[in-house]
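Remarks on the structure that follows.
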Amino acid sequence: MKKLITTSAFATIAMVGSAYAETTACLITKTDTNPFFVKMKEGATAAAEEAGIELSAFAGKYDGDVETQVAAVESCIAAGAKGILITPTDSRALVPVITQARDAGALVIALDTQFEPADAADATFATDNFKAGELIGQWAAATLGDQAANAKIALLDLNASEVSVDYQRDQGFLTGFGIDVKDPKDIGDEDDPRIVGNDVTDGSPDGGRTAMENLLQVDPDINVVYTINEPAAAGAYEALKAAGKEEGVLIVSVDGGCPGVKDVEAGIIGATSMQFPLLMASKGIEAIKNFAETGAKPENTEGLDFYNTGVELITDQPVDGIPSLSSADGLGKCWG
Amino acid sequence: MSDSTEPVRTGQDFERTLDRSEAKVAEFETNRHSPLDRVQHILHDNPTLVPVIVLAISLIAFGLIAGGKFFSAFNLSLILQQVSIIGILAAAQSMIIITAGIDLSVAAIMVLMSVIMGNLAVYMGVPSGIAILVGFAGGAAAGMFNGLLITKVKLPPFITTLGTWSIFYALLLWLSGAQSIRGTDIDEHAPFLKFFGNTIDLAGARITFGSLLMVIVFVVLWYMLNKTPWGRHVYAIGDDKEAAELSGIRTDRVLISVYMLAGFVCAVAAWASIGRVGSISPQSFYEGNLQSITAVVIGGISLFGGRGSIMGALFGALIVGVFQSGLRMAGVDVLWQVFAIGWLIIIAVAIDQWIRRVSA
């Protein structure tokens with residue numbers, strides 16, 4: 001018995017020792033272009049330095065670049081990484097390689113985007129994207145008041161592949177607005193007459209502008225515009241301005257990047273749901289450190305299949321019953 | 001004739017069949033056997049005809065499917081506006097493809113130059129005019145870099161520009177810090193950058209300066225390619241580089257000038273894109289390289305070089321725009337738009353191959 005204790009104590013010391021000496025971790029993001037992931041990388045790098053973890057960062061070349069992410073995970077396995085933080089660019093395609101990494105003894109944490117199934121990773125630290133959408137939907141409905149019944153809604157989504165972030169925000173928004181979404185995983189199956197149409201933006205301002213122009217052609221009287229993120233919202237605003245329709249149209253978005261919060265301040269975006277990439281990154285590093293030291297894995301938020309890093313509604317026109325921050329407060333918390 | 005049983009009229013035997021023989025003295029062999037061959041010949045002589053016909057048919061078809069809204073002056077001018085940036089890139093791409101080359105870096109050059117213009121004018125207080133000129137010079141320099149690698153280091157254009165695509169892309173991420181420059185900041189500090197976003201309203205149509213710029217770029221380049229010795233040299237190199245060299249054309253010089261001019265045109269597109277998008281985002285136009293090639297190919301310009309009119313690329317870009325707008329108005333899902341464009345490319349190249357066989 002005594003011998004057993006000694007041995008395990010010794011083993012623990014050895015483990016802790018090696019943890020301090022050479023805990024390596026990987027951060028794999030979707031792209032290096034999106035400021036959201038750039039900020040996440042900065043947060044992770046800072047947190048890793050503080051925790052004494054050696055962090056290698058990888059990124060896909062574009063949204064949906066599965067091959068580069070697979071290669072990155074393989075490099076991390078080969079390097080013997082203790083933990084992998086990943087924002088999967090495809091919720092399903094990366095599951096096999098992630099399973100390999102877990103079999104090799106690494107703690108895998110999904111950041112921002114969940115795997116399908118969510119338990120393919122040891123944990124997920126993410127924004128509740130459905131909630132983020134729901135908040136701006138509720139805000140838009142409350143702001144319109146009685147007029148919500150006659151709203152004409154444009155939905156500017158991400159891309160044709162309908163990844164989880166895309167449908168969660170879109171369907172969350174519609175739910176918050178009070179529209180029956182039918183299948184909550186399918187964008188565009190709704191038949192509410194208030195919806196003018198959906199179009200895709202690639203989350204970029206040029207895509208946002210073109211999509212908005214197209215939907216204005218379908219119905220020039222659109223007065224509520226949901227956008228997948230703030231760059232798309234900026235493009236949508238340009239299209240509305242070009243058509244002379246920027247007054248009286250509510251644009252709502254999700255992200256909380258500093259340019260987006262400034263657009264809230266300028267009255268371009270009515271409200272945006274802010275998420276916290278820095279928190280995801282630092283929580284992730286913390287979890288890897290903890291795992292390396294004690295072997296304990298992080299737990300999910302109660303009632304969800306992920307750890308919720310929170311979301312805040314940013315608007316300068318607050319409505320009763322929906323807690324929100326002003327753009328001035330938002331500027332202190334924004335990323336990018 | 002000796003075993004003839006009727007020797008009476010032997011002398012006239014050959015004369016009797018004379019009227020059945022060939023009466024012509026000599027003639028050229030002709031290929032015009034069937035109406036199809038004739039069509040093939042006409043198309044061979046006028047390579048822009050195919051895209052023009054496709055454009056006309058698709059306009060009519062979508063007019064019928066999507067209704068009057070599609071055919072309104074406003075919507076047609078909107079399509080012109082939406083394709084303007086990819087159109088200008090396609091003009092640059094056309095020149096290069098006519099030399100039997102390819103440029104995968106056009107969109108990366110464009111976005112890089114828009115970031116440089118924006119950084120200088122918005123953040124560093126450089127007068128907009130100078131920032132734009134720096135961008136133009138940068139575009140030409142980037143193109144020259146491609147041209148030098150292709151002619152002096154003798155790398156294939158595909159590999160060269162695949163490499164420089166990544167290089168320019170990385171530079172633009174570095175210079176922009178992956179951050180967009182907001183539209184309101186541009187309005188405040190350097191509104192001239194948005195010059196091409198200005199519009200002219202004309203009988204219901206809304207034409208942006210950017211749309212006009214695209215047309216001007218095509219006309220100028222068409223003139224240069226078709227009416228100047230330089231242009232003839234460009235076609236000659238695309239047709240047969242060795243023969244061009246043997247006939248005294250300084251092929252390396254001409255090729256470098258083509259890549260430089262293409263880079264410059266990309267920088268012009270960069271300025272126009274700021275007016276179009278309203279802000280400067282490193283995430284914009286990621287697929288611009290391939291979209292420009294798509295427009296060129298659908299426009300009937302041969303990827304094998306030396307054949308096709310640059311005007312084809314304009315029609316190619318418009319066809320893509322008409323398809324996207326029409327399908328969208330008809331309420332077709334995005335993935336079917338992608339599907340349709342894919343078929344357009346394949347059919348365009350198949351027609352090109354068929355036309356090329358005309359002399360056989």
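Just so it is clear, glycine is given a Cβ too, placed from its N, Cα and C backbone atoms.
Look at TrEMBL and you will find B:48-66 (among others) tagged as transmembrane segment. Beyond the ends of the transmembrane segment (B:48-66), by six or more residues, the same chain brings 42, 298-300, 308-309, 311-312, 315-316, 318-319, 322-323, 325-327, 329-330, 344, 348, 351, 355 to within a C-beta distance below 8 angstroms of the stretch.
If you look up TrEMBL, you'll see B:78-98 (among others) marked as transmembrane segment. Cβ atoms under 8 Å from those of the transmembrane segment (B:78-98) belong to residues 106-107, 110, 157, 206-208, 210-211, 213-214, 217-218, 221, 225, 234-235, 238, 258-259, 261-263, 265-266, 268-269, 272-273, 276, 285, 288-289, 291-293, 295-296, 299, 301-303, 305-308, 310, 312-314, 316-318, 320-322, 324-325 of the same chain, restricted to positions at least 6 beyond its ends.
The transmembrane segment annotation in TrEMBL covers B:104-123 (among others). Sequence-distant neighbours of the transmembrane segment (B:104-123) (same chain, 6+ residues past either end, Cβ-Cβ under 8 Å): 85, 89, 92-93, 130-132, 134-136, 138-139, 142-143, 146, 158, 161-162, 164-165, 168-169, 171-172, 175-176, 181, 185-186, 189-190, 192-193, 262-263, 266-267, 269-271, 273-274, 280, 282, 284-289, 291-292.
Here TrEMBL flags B:130-149 (among others) as transmembrane segment.
What TrEMBL records for B:155-175 (among others) is transmembrane segment. Outside the transmembrane segment (B:155-175), and at least 6 residues removed from its termini, the chain residues within Cβ reach (under 8 Å) are 96, 101-105, 108-109, 111-112, 115-116, 119, 142, 145-146, 149, 282, 289.
If you look up TrEMBL, you'll see B:203-225 (among others) marked as transmembrane segment.
Residues of the same chain lying 6 or more positions beyond the ends of the transmembrane segment (B:254-274) and with a Cβ under 8 Å from any Cβ of it are 84-85, 88-89, 91-93, 95-96, 99, 101, 103, 106-107, 109-114, 117-118, 132, 135-144, 146-148, 150-151, 186, 193-197, 210, 213-214, 217, 221, 230, 233-234, 237, 280, 284-285. The annotation transmembrane segment is assigned in TrEMBL to B:254-274 (among others).
Residues or ranges marked as transmembrane segment by TrEMBL: B:295-322 (among others).
Taken from TrEMBL, the feature transmembrane segment applies to B:334-355 (among others).
Within the same chain, residues 72-74, 76-78, 80-81, 83-85, 87-88, 91, 94-95, 98, 195-197, 231, 234-235, 265, 268, 272, 275-276, 309-311, 313-314 sit at least 6 positions outside the transmembrane segment (B:203-225) and bring their C-beta atoms closer than 8 Å to a C-beta of that stretch.
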